[in-house]
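Quick look at what Swiss-Prot annotates:
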type     : residues           : note
SIGNAL   : 1-18               : signal peptide
DOMAIN   : 179-574            : domain 'Peptidase S53'
CARBOHYD : 200                : N-linked glycosylation site
ACT_SITE : 248                : active site, charge relay system
ACT_SITE : 252                : active site, charge relay system
CARBOHYD : 262                : N-linked glycosylation site
CARBOHYD : 307                : N-linked glycosylation site
CARBOHYD : 380                : N-linked glycosylation site
CARBOHYD : 453                : N-linked glycosylation site
ACT_SITE : 484                : active site, charge relay system
SITE     : 529                : site 'DNA-binding'
BINDING  : 529, 530, 552, 554 : Ca(2+) binding site
């Protein structure tokens, strides 16, 4: 029987966070309802944290791989102990139900009445207009931090986020260049299917918006049709309901789990945004070693997703969250983030008509403290058929790709265009100086210099396939495009490299971005160089502004896609 052939425009799980219109205010929240908020305390020694992380992640340093504990990095940047205790004690005296002092953040669970009185704000019930079962409590208006603690608090998180609940848009797809299944990925990048997985190697698929889940029956079907071991999620953090699977979570778990083989899999759902996730992660015992985040939103618009009210700005939110990302890298975890699905114009200019800001950056994909992942696609099929005996059953019903030539993933050939460019806020880190300088010296055409900051962090760092993936969803197979596909795949590759190191008594890769550039500098053929294509198009239009792929690193596909055997060989040389 022919399976359902729908092409899902999933891509990066971007957030339409001008989303207040999606929610209907239902009146004041009941006084006894409990909610959780976070007081972000003013930090110190941030320059020391950055220097330390760059030192222990430099493969040429004598300190390489000497990762820290969460307690060590938190104590480094936290305010004086008496300050955090003063804030926590004040909140306890005010009558909060539960107060947890994490040194540079105080987490409070309290009834609505307490929060309204303490922060001089008003809380309301909001009901989603289409998914009416979804009801949240949020503030309407500003808030005021009590004078007794105001000088020690940067902002309060958890009051203003309005989740964007979206259904994937669909389109019938021809799949003329062949479909992507785990078999194709293993073959293209040379990933062995019998790689010795260490029991402590782990990968975490993170979903935001608190409305994400996968279905275990879909995992069984996916494994059977692909002749692979069924992915088992052994750690679940946050809400999970397998009865209402969605495309994003399904893609992450099926491909992150499949390519990582038998690596321990975590599934983590978050109602709020990046700062909230990062602080919870840092306070988790024995957290996963690799984290894949297929979500993002324009850097200058973080106040639409984060907790900016009153004097806070998107810049301040990004800076503070980047500190938390540095801490995560320093304790031994690799963070990966998607580079976006709306090309260089991004979600700031999806209709390609902005004269003020024709190019966009994305967060966390443009953070210097995550491994930013772009997307490629394969060219037309080769004339020679693949060996039928080697193909899994799924390739009998669907024409799996046999091409080995990668191009930039871009509209109109694909349903998304890989994002890339330069951060609005973060300076260019030293680990990519040489690669970015070579790009500017290459002679490749550039956008007007007034439209981007060449001195800032360039992204993405790497890429992987992001077009024509097949996933099992609600009993059928469907197609998916996006950096939401490439990110968990590269995360799985990092998990394999971690297994090698752990099997040999070495620490995990952790903050692996400097390693990528040092590997590239030592031998550019460790990566497949993508030199055809650009990222000038969005879903709705193609702009005259954007970046072109060229030899070496570029703000389209980074240094390229992995040649696993060569990347492993480089990792094998490290202490």
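Each residue, glycine too, has its Cβ placed from N, Cα and C.
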Quick one: which of these recorded positions, 380, 484, 554, have their CA within 10 A of residue 248 (active site, charge relay system)?
484
Can you tell which of 200, 262, 380, 484 has the most other C-beta atoms within 10 Å, given these are the recorded positions?
484
Check the Cα-Cα distances from residue 554 (Ca(2+) binding site) to the recorded positions 252, 262, 380, 484, 529 and tell me which is shortest.
529
Assigned element (helix, strand, coil) containing residue 530 (Ca(2+) binding site), judged by DSSP:
coil
Determine the minimum-neighbour residue: among 248, 252, 529, 554, listed as recorded positions, which Cβ has the fewest other Cβ atoms within 10 angstroms?
529
Those recorded positions listed as 453, 530, 552, and which of them has the most Cβ atoms within 10 Å of its own Cβ:
530
Give me the mean pLDDT over the domain 'Peptidase S53' (179-574), rounded to a whole number.
92
I'd like to confirm something. Which of the recorded positions, 252, 530, 552, has a Cα closest to the Cα of residue 200 (N-linked glycosylation site)?
252
Between residue 484 (active site, charge relay system) and residue 529 (site 'DNA-binding'), how many Å separate their Cα atoms?
21
Euclidean distance between Cα atoms of residue 262 (N-linked glycosylation site) and residue 252 (active site, charge relay system), Å:
15
Could you round the CA separation between residue 529 (site 'DNA-binding') and residue 552 (Ca(2+) binding site) to a whole angstrom and send it over?
6
